Amino acid sequence: MKGNSTLATTSKNITSGLHFGLVNISGNNESTLNCSQKPSDKHLDAIPILYYIIFVIGFLVNIVVVTLFCCQKGPKKVSSIYIFNLAVADLLLLATLPLWATYYSYRYDWLFGPVMCKVFGSFLTLNMFASIFFITCMSVDRYQSVIYPFLSQRRNPWQASYIVPLVWCMACLSSLPTFYFRDVRTIEYLGVNACIMAFPPEKYAQWSAGIALMKNILGFIIPLIFIATCYFGIRKHLLKTNSYGKNRITRDQVLKMAAAVVLAFIICWLPFHVLTFLDALAWMGVINSCEVIAVIDLALPFAILLGFTNSCVNPFLYCFVGNRFQQKLRSVFRVPITWLQGKRESMSCRKSSSLREMETFVS
């Protein structure tokens, strides 16, 4: 009975559809035995196509960001360094999507061997954390720029040279469990060789719950606290400033951008992390309903998909809205760009230090 329980637990882990080890959906061993019937996978038909769409769009827009940074002459700003590293993390994350699209197409049958399973699973987790961590760094940097504009003008790129390696190291450490446990296992009742988190069978529930909660805390709760605090601080500070006429329009645009950053992060990642938390509750035995577990398994692939769209949105939030983006695009690609002009051309040159700093993050 114990062997069957372990097999059912491992098998149910596959049906969750989380191919890169961000979380594992199931209940405890007893509930897993009751829910171990083969699930319907018709809802997965659209996932590979959507993955390829996100891959193409995200890859193109992030390549533009990286190209602009590499072609930029003169010293780099701290904010530009963060944007560049964010784009690199998003590019590396998106580069793995064709493999996972194939994985979905073959209904969790991994065709690329155990080494690629471990490497690409770890690669995806690492760059997911790196992307989120750099978004957090940029929120803190923007807060300092707006609240303390004169001090922020003294920032030097060497300061970012210490923070950037630290962020990448933190992302690497956060992905170590995936690197250690990710492996290919044969799931006989599904007839596949699946790329899964191969936790020790006797401690499968504990490991799954622990990893799920770790993803919640490091990948969402702590970053969201920093991001929301920084942008609400920016909003509070700017609303106190006496802005009139065109400066008021500029201030309102900055406030809208700050709100968009917070909302984009929440919309893209909240569904995934809610399901991750429910997964942890299932592994701890708090959730024992087969119906609830089935709903989680059904929704999870689409929640992951929504999380990946954040890598497509980031360039628009952090780079393309920059005050000098059009000039950079003209100089690098030698093409006329007019779609972002609008009201910015008519802005008064007399702006507060806070607003001017916010407008030139990617100069």
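Cβ from N, Cα, C; glycine included.
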According to Swiss-Prot, the disulfide involving C195 connects it to which residue among C117, C268, C290?
C117
From the topology recorded by Swiss-Prot, do F112 and V286 fall on the same side of the membrane?
yes
Summary of DSSP states over the topological domain 'Cytoplasmic' (71-80), given as helix, strand and coil counts:
4 helix, 0 strand, 6 coil
Measure from the Cα of D279 (angiotensin II binding site) to the Cα of every one of the disulfide-bonded residues C117, C195, C290, then give the nearest.
C290
Of the binding-site residues Y103, Y104, K215, which one sits closest to C117 (disulfide bond) when you measure Cα to Cα?
Y103
Are the transmembrane segment (46-70) and the transmembrane segment (207-232) close, by which I mean at least 3 Cβ pairs under 8 Å that are 6+ residues apart in sequence?
no
For the transmembrane segment (295-320), distant same-chain residues with Cβ under 8 A (at least six beyond the ends):
15-18, 22, 25, 39, 43-44, 47, 50-51, 54, 57-58, 61-62, 64-65, 68, 83, 86-87, 90, 93-94, 97, 104, 128, 131, 135, 138, 257, 260-261, 264-265, 267-269, 271-272, 274-275, 278-279, 282, 340, 361-362
Whole-number Å value for how far C290 (disulfide bond) lies from R182 (angiotensin II binding site) (Cα to Cα):
26
